[in-house]
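So that you can see what the record holds, here are the features copied from TrEMBL:
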- 62-89: domain 'C2H2-type' (DOMAIN)
- 90-117: domain 'C2H2-type' (DOMAIN)
- 118-145: domain 'C2H2-type' (DOMAIN)
- 146-173: domain 'C2H2-type' (DOMAIN)
- 174-201: domain 'C2H2-type' (DOMAIN)
- 202-229: domain 'C2H2-type' (DOMAIN)
- 230-257: domain 'C2H2-type' (DOMAIN)
Amino acid sequence: MNKNHFVQDWRRFRSGIEAVFDFQGEFIEYSYRKAYRERVHNFLLKIPSDIDGKELKKKTLYYCDICGRSFSQKGTLTTHKRIHTGEKPYYCDICGASFSLNHHLTTHKRIHTGEKQFHCDICGKSFSGSSDLSKHRRIHTGEKPYHCDICDKSFSVSNDLIIHKRIHTGERPYHCDTCDKSFYGSSTLTKHKRIHTGEKPYHCDICGKSFSQASELTKHKRIHTGEKPNHCVTCGKSFSHGNTLTIHKRIHTGETPYH
């Protein structure tokens with residue numbers, strides 16, 4: 001590999017692997033950090049002896065001594081290292097929740113104030129954070145930028161890819177301390193634990209009924225609103241719940257799965 005080709009390959013490699021960090025946000029999986037370190041190490045072993053290190057560093061002057069990622073500003077490196085240390089110096093004075101980044105705290109506090117300043121220009125739905133809006137818009141665009149390198153399945157949200165890959169590895173890192181059941185994702189564990197605690201944190205602001213899952217509240221509220229977002233593409237009939245649509249479609253397909 002000649003000098004110019006190596007520098008070009010390095011830049012492509014670096015931009016690609018850093019994308020893993022960029023889409024993780026506040027939290028990044030240990031397995032990804034480990035994979036990153038290994039890939040950087042293996043790549044650097046191929047450096048031709050006549051390449052000046054400055055050609056690779058360019059303006060990225062500050063390096064993380066844990067994972068090897070490079071930054072152009074020292075403050076950005078300091079913020080990044082909180083991923084590894086778990087430090088969360090920004091506290092919500094209302095509920096006590098803590099965050100590693102100040103802007104995450106700012107976004108969180110909108111939960112308490114009800115402020116939703118980011119609006120979808122397609123459907124008008126509003127969000128408290130810009131990242132939530134970006135994720136939401138993929139519903140309309142169909143964009144799924146996160147790809148599984150094992151089965152080629154794609155996802156619109158990076159965390160869904162992380163959880164999906166555990167299906168292939170069998171890893172279930174989240175354990176219930178009550179019944180010892182294990183789960184692929186932390187949110188699934190949180191939902192499961194409500195079986196033991198009986199917690200129902202999602203409340204209907206119309207009738208006051210409470211639910212353990214946000215999705216259950218969403219479905220329930222359609223009783224009040226009359227919304228029927230699930231449409232049959234064959235006959236055009238609409239339903240408030242997706243499972244009702246699934247059952248209905250068997251009229252057209254003739255499917256009888258329970259025999």
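Note: Cβ is positioned from N, Cα and C throughout, glycine not excepted.
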Beyond the flanks of the domain 'C2H2-type' (118-145) by 6 or more, those residues with Cβ under 8 Å of it:
25, 107, 110-111, 154-157
Pop the mean pLDDT for the domain 'C2H2-type' (202-229) in here, whole number is fine.
90
I need to check the long-range neighbours of the domain 'C2H2-type' (202-229): which residues 6 or more away from its ends have a CB within less than 8 Å of a CB in the stretch?
191, 194-195, 238-241
